[in-house]
């Protein structure tokens, strides 16, 4: 009886196989996973998938019949993608054997772990927005127990309000608090260069979300593709991406445990066909006096240098500022100034300087920026 010999990498082709060893076990089942090229010669990103499992089986058998493999080995494509490697994930029999004309192949696309690919957040980091938090509780309940809701699930939710008011932060907090996956997409990225690109991207987006459920799909800058037809000159030809997105929002596929949250600054400018797909609209407001003080105090504690100033004096002066404005445009420049001047604290003068930089000589905060 012949002994089976295994090699970690297989490169031989069918034409080289003259005889078969009848004593070798025949493989009934082989699961493959795309592994990539052994040498990367360009920046092109190749993604391998199959639309028809039957065709893939015919193709695979024709290439690899007679190959002897076990779990962990590699098979190399010799036709469409020369030298592209497929890793053998599992076989039956488990100890391995020879690929025959009866071997069944399955192409398994590796699932990407999305849970760690976003910055974690907590509700305690969100100052204010109490009404928004209340409305988001139903999303939390659904992500924690999708089967409880069935067809009554909160599937599509629209966050709207001025920039920097915590829409993305709220979505990240929802994902963190419920241990859900989180996929962030900028709407302009969904516009493809060629016909069919957009619909393919959106289809793959929701396939990833479904595989990673529970999952939040967060579509930022929705108005970039969802403007009303009244603004055709601004929106351009986005019919393909809009139609593909509407198909997903309509729930043609069940996608249990997947919630779509879209964000916009201008809900009134959205196409009614898109806006009507969102069963819930949640408003995010600019912080009031008390909330602005809490935001300043929260970020001041996180700064690498202590703030030696009475932050209450800046509450009225920052009226109309969002939480992001307070951090990025007010506190951060003040901190940088203190560091550049080799001081070990942020002074009132630093804060006044940063404020003057934002407002110039105007007395009123730039509320018009958020309309």
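Glycine residues also receive a Cβ, built from the backbone N, Cα and C atoms like all the rest.
Pulled from Swiss-Prot, these are the features on record:
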BINDING   161, 162, 163, 164, 165, 166, 167, 168  ATP binding site
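Cβ neighbours within 10 Å of residue 161 (ATP binding site), excluding its own Cβ and spanning all shown chains: 22.
In the structure shown, across all protein chains, 166 is the one of the binding-site residues 162, 166 with the greatest number of other Cβ atoms within 10 Å. Each of the binding-site residues 163, 164 was ranked by the number of other C-beta atoms within 10 Å, and first place falls to 164. Taking a C-beta cut-off of under 8 Å and a sequence gap of six or more, residue 165 (ATP binding site) has these contacts in its own chain: 129, 284, 285, 286, 287, 322, 323, 324. Shown in sequence order, 159, 263, 265, 284, 322, 323, 324 are the same-chain residues outside 161, 162, 163, 164, 165, 166, 167, 168 whose Cβ sits within 8 Å of the Cβ centre of the ATP site. Sequence-distant contacts (6 or more apart, same chain, Cβ under 8 Å) of residue 167 (ATP binding site) comprise 159, 160, 161, 220, 263, 284. Residue environment of residue 168 (ATP binding site) contains 19 other Cβ atoms, counted within 10 Å of its Cβ in all protein chains.
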